[in-house]
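Listed in Swiss-Prot for this protein:
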- 1-50: topological domain 'Cytoplasmic' (TOPO_DOM)
- 51-77: transmembrane segment (TRANSMEM)
- 78-105: topological domain 'Extracellular' (TOPO_DOM)
- 106-122: intramembrane segment (INTRAMEM)
- 119-124: motif 'Selectivity filter' (MOTIF)
- 123-131: topological domain 'Extracellular' (TOPO_DOM)
- 132-157: transmembrane segment (TRANSMEM)
- 158-360: topological domain 'Cytoplasmic' (TOPO_DOM)
- S201: phosphoserine (MOD_RES)
- S287: phosphoserine (MOD_RES)
Amino acid sequence: MDSRNCKVNAPLLSQRYRRMVTKDGHSTLQMDGAQRGLVYLRDAWGILMDMRWRWMMLVFSASFVVHWLVFAVLWYAVAEMNGDLEIDHDVPPENHTICVKHITSFTAAFSFSLETQLTIGYGTMFPSGDCPSAIALLAIQMLLGLMLEAFITGAFVAKIARPKNRAFSIRFTDLAVVAHKDGKPNLIFQVANTRPSPLTSVRVSAVLYQERENGELYQTSVDFHLDGISSEECPFFIFPLTYYHTITPSSPLATLLQHETPSHFELVVFLSAMQEGTGEICQRRTSYLPSEIMLHHRFAALMTRGSKGEYQVKMENFDKTVPEHPTPVVSKSPHRTDLDIHINGQSIDNFQIAETGLTE
């Protein structure tokens, strides 16, 4: 089915982005005029998790630098208020207690702040135990520094261990096909787990997005099933799975797929699965446009047997489709002919002759 040459009567779906969800599952929705104030910043953890790595590294580096600079200013202020900037630290006055040895400039204060935060050990600069303000500031910097390091370490671990990263190994076919199964037309797509570790409790759902005449997007649920599994979820996902949606007269796709140039729509497919090792739920998404649904096609065979009898998956055939040749329907029901027996013009009895075979 090719809808690239047809006019699309959906202004919202036909602008810069022809799809609401990209093939790799990212949303193209843009929130214009949304207020991103304190309410948005309250979810700082979620903001960090959604950041790209380069921005996350920049934020963390800036956090450390700002932390060092703030306490460098405070250490410099302590030295200035204590009168440590004008005296000779090697030969201090007898009645003067130096708070931090050899802090005579802002550069020295920044260096001391860096040494305190990284706990690399004091050299010529060290705080005096007889200066209460220096001891208090040292405790505050150490406490806040440990909190900052714990937060950054946790953010790194959480971002690396996100279930979203496991979902990248789930792959959908680029195209969906409409083929016959058990004599009924079905919309079919395939999904593969490209990692050897299995997924469990696999669930698939789909939503059909259409634009109404009033400009609103209408959502319709589309049900998919997996072969003969009666439950809503597949308990084990290690080899490619094929999902079917039977196109009946009540199906929301029935009228859309009857035309050679259908109106624009988007079918978004969601797959949720549980990681066997961690028990976390990961989700993978994709979408199909009318131009990505092939009529009268089926997918090429994926499963083969190896030399030792083991199953093998030919992933090079994962996105391949082949034309579906319609098979003539042969009726095996006998053809019956009613015959009447007449004697002397009167009907005596009647019987049937069953003729089997093909009729022209």
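Heads up, the Cβ atoms here are built off N, Cα and C, so glycines get one too.
Since the structure is predicted, the reported quantities are computational estimates derived from the model, not experimental observations.
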Next on the checklist: Just to confirm: which same-chain residues, 6+ apart in sequence, have a Cβ under 8 Å from the Cβ of S287 (phosphoserine)?
Outcome noted: R19, M20, V21, T22, K23, E266, L267, V268, V269
Checklist entry - Looking only at Cβ atoms, how many others are within 10 Å of the one on S201 (phosphoserine)? => result 18
Checklist outcome for this item: DSSP composition of the topological domain 'Extracellular' (123-131), residue counts helix/strand/coil, works out to 0 helix, 1 strand, 8 coil
Next on the checklist: Which sequence-distant residues neighbour the transmembrane segment (51-77)? Criterion: at least 6 residues beyond either end, Cβ under 8 Å.
Outcome noted: 100, 103, 106, 109-110, 112-114, 116-117, 137, 141, 144-145, 148, 152, 155, 159
Checklist outcome for this item: The predicted model's mean pLDDT over the motif 'Selectivity filter' (119-124) is 76
Checklist outcome for this item: Per DSSP (three-state), S287 (phosphoserine) is strand
Next on the checklist: DSSP on the topological domain 'Extracellular' (78-105): how many residues come out helix, how many strand, how many coil?
Outcome noted: 4 helix, 1 strand, 23 coil
Item to check | Tertiary contacts of the topological domain 'Extracellular' (78-105), as residues 6+ beyond its ends and Cβ separation under 8 Å | outcome: 112, 124-128, 130-131, 133-134, 137
